[in-house]
Amino acid sequence: QVETLKEKLLEQAQEISRLRSELGGTDAEKHRDLLAAENERLRQEMKALEGELQRQQQAPCRDCPHLQENAELQEQLSQLQREAEETRARLVELDLEVQQKTNRLAEVELRLKDSLAERAEEEERLSRRLRDSQETIASLKSQPQQIKYIIKTVEVESAKVKQALCETQSRNQYLQEQVGMQKQVLKEMEQQLQSSQKTEAQLRAQIMMYEAELERAHGQMLEEMQAMEDEKNHAIEEAFSRAQVEMKAVHENLAGVRTNLLTLQPALRTLTHDYNSLKRQVRDFPLLLQETLRSARAEISQAIEEVHSTNRELLRKYRRELQLRKKCHNELVRLKGNIRVFGRVRPITKEDGEGPEAANAVTFDADDDAVLHLLHKGKQVSFELDKVFPPQASQEEVFQEVQALVTSCIDGYNVCIFAYGQTGAGKTYTMEGTAANPGINQRALQLLFSEVRGKAADWDYTITVSAAEIYNEALRDLLGKEPQEKLEIKLCPDGSGQLYVPGLTEFRVQSVEDINKVFEFGHIKRVTECTNLNEHSSRSHALLIVTVRGLDRSTGLRTTGKLNLVDLAGSERVGRSGAEGSRLREAQHINKSLSALGDVIYALRSRQGHVPFRNSKLTYLLQDSLSGDSKTLMMVQVSPAEKNTSETLCSLKFAERVRSVELGPVSRKAELGSWPSQEHLEGDSPCSSAPAGRGHASPSPGQLSSRSASIRRKLHTSG
Ligand code: ADP
Ligand code: MG
């Protein structure tokens, strides 16, 4: 605002000077006086404003932003004053100039008057002379001769006069021109004066307008100053209240900090204390560490010593335990009987067809997993074995029951696992399984590998496999170069009484891949040799013989265990009259070998002095794996289909017969008779030889009396 005021002032000053220059004269002086009076008034106002500003400066708000503003305003005010001073000085100068110009104007006017008077005089004089001259001429004309002369003279003189007249006339002309010019100048000056007066009136009006504006600006300035004052007061009030609030917050903070400080002080004390003690500890640490290390070393070496001695002691105990375990195991086997009989029922398959023939005839006991019931010709026959696997039992579950037998091979035991049953009952499925779901053979070898790996720290083991087939009482090597060649079983020449098969190929296997290769090889042999593998396999016994030889590096102890996995020929009866030629011969051979197996197992379980191993190639080959503390598992496979119930009944009878032999002296005595042959099992009606639904063909009194109480109970309940 001051800025605008200043500008206006400047403009006015310029205007004034312009007016001065235009005006001159007394009007300008009057105007100047007016302006001076205005200036004076403005100065007074400024002074008043200055006083106001000073009062404001002395006001309590020292750090108020208006102070700065005030100072600036003051500064501007003083500048304005200075400028007003200058304007005044210039005004005086301009006054002087106007004075001079007025004087000059008066002089010019005077000169003009003089020249006008001079001209009038001259005119007067010239007209008088003209008159005189004309009078003279007239008087002269009236005097003829003399006058002629005179005229001539006059004429001569008149020429002179004429010339003078001409000169005078031209001079007159010039003067008249001069007068005209002066008149023109006068006129112009009058016009100028008029226009100056007009301009003056305009300027006066402008000045009035400016004054009004100045008034308004002043009023506005006052208003604004008032507003600024109000604003300042408001700001001061606000700042004050804010400061009060902030002060309050600061006070509160201070109180919080004070209490914090109070609580922190003890913490600081304890921290300082801790720090000091830590410093002490750090100083003492290397010493302490050395001390600790020394004692730790001593302790460790002592502990190592102790561990050594404990280890020695443990090793001694372990060996003793090993012996004891073997003794216990033998005792357990002796008590339990080393021949176990499991039953496995395969599920009904598509091959069983549909209708009543494919109906399920086998049921199980929910509370006893060793019992199964067969519905045969409208009667329910119950059997108790060591364990029964229902159709839904997986390969894994079956193998879990078998794996203890498999691992005992590593400890040097001989093991035989037979799959017995009619063709299609699941023997091959149980022994070999499928590629996706392998059977006992592959799982057993995998288990042996992992067990052997686990014992590798102390033992060196080699695992070898052989594969053989017995068909029509001829033994053939499935892995040999000449599969058609019949092999012989011979006594070891070392006089140990051990048997061996010269020429039987043995492959050393170390991994599952090795076994797969061996199996594939064996299968290829069998496939290329036979036109109908299924037919052939059901008429021959397939043997996988795994030999595990171990050497205990610490004791030098050597062990040899044999695992014989046998997929037997189909046990189904071939009609006596129906078969002829090779078919009959095959049937006779199968019947003979399965009867011989039954005889041997029976003789072994009843601990007879003589075991008829030599009655078949199979029992003869497996002699050392069936006798002594060897273990045998008979997996009896049956079909649950209605159409197979006769064969199922025969297989289960065989199973129970093998199992029912007890080890007591009475039973031994009682069972001195021979094992019933397959022919015997093939009686016209299996059930007729097993009254009350029990599958025993001509059971001896001893046999009956030797049955376990549970069977007897079941026998009674099943009627
Ligand atoms: P075998 O060797 O006694 O003649 P297989 O093992 O060849 O009998 O089995 C005959 C059919 O029954 C095969 O197709 C086989 O896959 C199937 N089978 C046998 N047992 C089972 C089982 N527990 N689960 C599923 N399928 C089985
Ligand atoms: Mg088979």
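FYI, residue positions are counted from 1 along the chain as it appears here.
Using N, Cα and C of the backbone, Cβ positions are placed for all residues, glycine too.
Note that TrEMBL annotation is computational and uncurated.
If you look up TrEMBL, you'll see 2-143 (among others) marked as coiled coil.
The coiled coil annotation in TrEMBL covers 186-238 (among others). Mean pLDDT of the predicted structure over the coiled coil (186-238): 89.
According to TrEMBL, the feature domain 'Kinesin motor' maps to 338-661.
Residues or ranges marked as ATP binding site by TrEMBL: GLY421, GLN422, THR423, GLY424, ALA425, GLY426, LYS427, THR428. Taken residue by residue with DSSP, GLY424 (ATP binding site) is part of neither helix nor strand, so it is coil. Of all Cβ atoms in the shown protein chains, 21 besides its own fall within 10 Å of the Cβ of GLY424 (ATP binding site).
What TrEMBL lists as region 'Disordered' is 671-719.
What TrEMBL lists as compositional bias 'Polar residues' is 700-709.
Annotated compositional bias 'Basic residues' per TrEMBL: 710-719, in sequence order.
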Residues among the binding-site residues GLY421, GLN422, GLY424, LYS427, THR428 that border ligand 2 - Cβ under 6 angstroms, in sequence order: LYS427, THR428
ATP site shell beyond GLY421, GLN422, THR423, GLY424, ALA425, GLY426, LYS427, THR428, criterion: Cβ within 8 Å of Cβ centroid: ARG346, ALA419, TYR429, SER538, GLY570, GLN637, SER639
Intrachain C-beta neighbours of GLY426 (ATP binding site), sequence separation six or more, cut-off 8 angstroms: ARG344, ARG346, GLN637, SER639
Candidates near ligand 1 among the binding-site residues GLN422, THR423, GLY426, judged by a Cβ under 6 angstroms: THR423, GLY426
